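Listed in TrEMBL for this protein:
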- E260: active site (ACT_SITE)
- E776: active site (ACT_SITE)
- 21-483: domain 'Aldehyde dehydrogenase' (DOMAIN)
- 537-1000: domain 'Aldehyde dehydrogenase' (DOMAIN)
- 491-515: transmembrane segment (TRANSMEM)
Amino acid sequence: MPQAIRNPEIKFTKLFINNEYVDSVSKKTFATIDPVTEEKICEVAEGEKADVDKAVKAAMEAFKLGSPWRTMDASQRGKLLYKVADLIERDLDYLASLETRDSGKLFTDSVDDMDLTVKCFRYYAGWADKITGKTISSDGPYFVYTRHEPVGVVGAIVPWNFPLNMACLKLAPALACGNVVVLKPAEQTPLTALYVGSLFKEAGFPPGVVNIISGYGPTAGAAISEHMEVNKVSFTGSTEVGRIIQAAAAKSNLKRVTLELGGKSPNIVFADSDVDYAVEQAHSALFFNQGQCCSAGSRTFVQDTIYDEFVKKSVERAKKRSVGDPFDDVIEQGPQVDGEQFNKILDLIESGKKEGAKLECGGARHGDKGYFIQPTVFSDVKDHMRIAKEEIFGPVQQIIKFSDINEVIERANKTTYGLAAAVFTKDIDKATTISHSLQAGTVWVNCYECGAPQAPFGGFKMSGFGREGGEYGLLPYLEVKTVSCTIKKQYLIRIMFFFSFCFFALSTPSFFSYLKMPKPIRNPEIKFKKLFINNEYVDSVSGKTFPTLNPVTEEKICEVAEGDKADIDKAVKAATEAFKLGSPWRTMDASKRGQLLYKMADLIERDLDYLASLETIDSGKLFADSVDDMEFTVKCFRYYAGWADKITGKTISSDGPYFVYTRHEPVGVVGAIVPWNFPLNIACLKLSAALACGNVVVVKPAEQTPLTALYVGSLFKEAGFPPGVVNIISGYGPTAGAAISEHMDINKVSFTGSTEVGRLIQAAAANSNLKRVTLELGGKSPNIVFADTESIDVAVEQAHSALFFNQGQCCSAGSRTFVQDTIYDEFVKKSVERAQNRTVGDPFGGEIQQGPQIDKEQFDKILDLIASGKKEGAKLECGGARHGDKGYFIQPTVFSNVKDHMRIAKEEIFGPVQQIIKFSDVNEVIERANNTTYGLAAAVFTKDIDKATTLSHSLQAGTVWVNCYDCGAPQAPFGGFKMSGFGREWGEYGLLPFLEVKTVSIGCYFFQ
């Protein structure tokens, strides 16, 4: 055992910024208290917003393209992390002693924490040069691959119960991925984190890569959560603070968030277990670290036939538990961390006595100095009592009686938490059933708290989202970038075909019949206008309806049922019933789920003419584009049908006598809120991935375009999906959409739409049940054309299509066309000619290239932005006004001489308005292209491989196209950086948002 130092020298009490220890800007300090004596240890610098700003500035400088950190080999990053592990190991006696002095935890536990911290750094050091993307077999003449890139500036906010261990569990994977970090240790326990700053410097980390700010949560913690230049927050702590952090992310820059929060973990002991072993394990599960552990086994469920024996032995064990000086190696329990926690625990003990639980032992303060509490055991605890519902975070064991397996599963899951659980039994059927049925991120079988750096850890429900530990622990610190490159030979053939195709199309009356284009139905019958709930079409509860308008004529198509909160409640109730354990959907074979999804593809393909016509009349998009959307939707269903029986976890080589594996389980009830620009395509993109994973779904189509989604409800029923699995509620965003976002029984929201609404949805998730959220939001995508491009004519045509496709109503539209100065004038001239030749009119017309905008609101917004461009000095080359006198048509518009500060260069227009911007060199265009809050997509046109590679690596965008644009496929992931959202759709990556990772650890008695 390392040698304890009872009064370790306090070497560092200042903030660690840019590899230097500095006073806080305000010069303020605060006291850190020894919980054994209740006396001050020392004063520590109190960081606030100004200090966080300094730290973030240093971190941003360290993360700049071309910096020593960004250009460091991945293997060298691993070497530095390994060096930190060596230094912590060298100073282990001191660090463990400092941790015990600052937190009151047992010295032996502090030693274990340091050992685990060393393991953690070494584990992630080994990952630094193994972070790989994928090459993807995509459709068309494209080479597609993904890069996993660091997210940027990470804010890490850590708790006081495992001060250095939790800090390093965030630092190690973040740094392995190449990020930079601003760390805020808990105000109660800052000393070990501040000391470790010196070890990062000694190890050779460049200045600014790691910064450590001691301070209070409401000041320093809030400043990190709200900071516009912090790209990611990783927080471990209470559920209440987790809500605040997620809400702050929504209100600021939509930063990525992972939360590891509270728990009320069930520890289930069956009569067939080894009672003495189970008693000792349950004792340790609760009393370890003075009960100050988020995964503590704080609800001990014991089967009725052994209940009395178990209680008796548990009380005997608790009474033997020695409490006192944490440096004494015969002591088993030290003090609580501070007076606030001490008083909270005593209050909950009083509530247990008052509500009728039987106090078997303990229940009071231990001694008269320090924050010590007697080991406490309650029996006869009922589920409604505060001690059975609230997280106590103290040495208070609650022993609860149960009779059979079905009862205990239901009661164990009846909590807002879902962090961990355990089961003790010799029966493999019980062990397997329980481990699969419990709603918890970690399940231990015949063991407790047997974690290792290799095994992921995190919660279900309001215990948070995201995982720490293992390979899974890298994912929150990475952005996925999809790069698509044209394969030259096929590319040229494709371009030749394209021009031949255009010539033939415009000169041949029988164009549609030649291509065997589906036959448009100009006035399709509207078959379904009611809500689709539980496999039935029903009126809204209120009986209200709303009109859907034809944007070509500005006239009403029909009235559609207007769903609101009451209808969402009905749909969620149906979905919850369909998702119950033992339901037809939950017991369906994965291969059968895939079969149903494949059937959906067949049915959409069967009804393609009708659906494409319905989409066109409802949205105004070209019939040819609607056909493409339907074909893509069919592909999407077939792609995810093939994934349904291929969703696998991992087996993990863990430390100790344990068999560890992960299960990827459906998250539960999914709310899917979809936009109007690709109405059915995006709805089914969410549906197919969610259903392949085994979830149930409540879909809200956009109020402008509900008709195809409502029709497809009938196809889900025809395909054989059980009632309640898919529910479709037409209605408005502020009512039906808000009801989905705020619903306490919806586990996940997937939203595509504007950044403004994305903020509201993330905030609603924070204010409700901390539901998981993925957001695919707006963009202002740069399309960069170099003078050495293969062909200016091709680049002009590609840029034209990139912007004007779907009337410019596309989140990934190439809405900032950067053109190198030496070809700028020629490019502008040809772009204007192309725009002037663009035909606008009836979207059912075969020769028409552009239909109307979706509605008057969008129409007026676009015209306002065009007016702003003229006012701010951009040169209007063509268009710029309404087309015709009826319908929401706008002339194809081109601006040149556009400057970066202009509204048309900054705001998402979502209309047929091309902005052509001049640049001179590579470095300039990278900086200007990245100077936006968005990061959805980008493109580069060049023959130079160095430029293509540099741009594709340097652009802050979730998708980069090289010598092509909008060449998506269901296989290739799509999603944004920065305020263009988080999470990915399409490809294998598109499954991850709809899955929870459960870690199951089984104790192997044979080896024990």
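The backbone N, Cα and C atoms fix where each Cβ goes, and this holds for glycine too.
Caution: TrEMBL annotation is automatic and unverified by curators.
Annotated pair E260 (active site) and E776 (active site), C-alpha to C-alpha distance, rounded: 24 Å. Residues within less than 8 Å, Cβ to Cβ, of E776 (active site) and separated from it by at least 6 positions along the same chain comprise F751, T752, C811, F974, G975, G976, S980, G981, G983, E985. Of all Cβ atoms in the protein chains displayed, 28 besides its own lie within 10 Å of the Cβ of E260 (active site). In the three-state DSSP scheme, E776 (active site) falls into the strand class.
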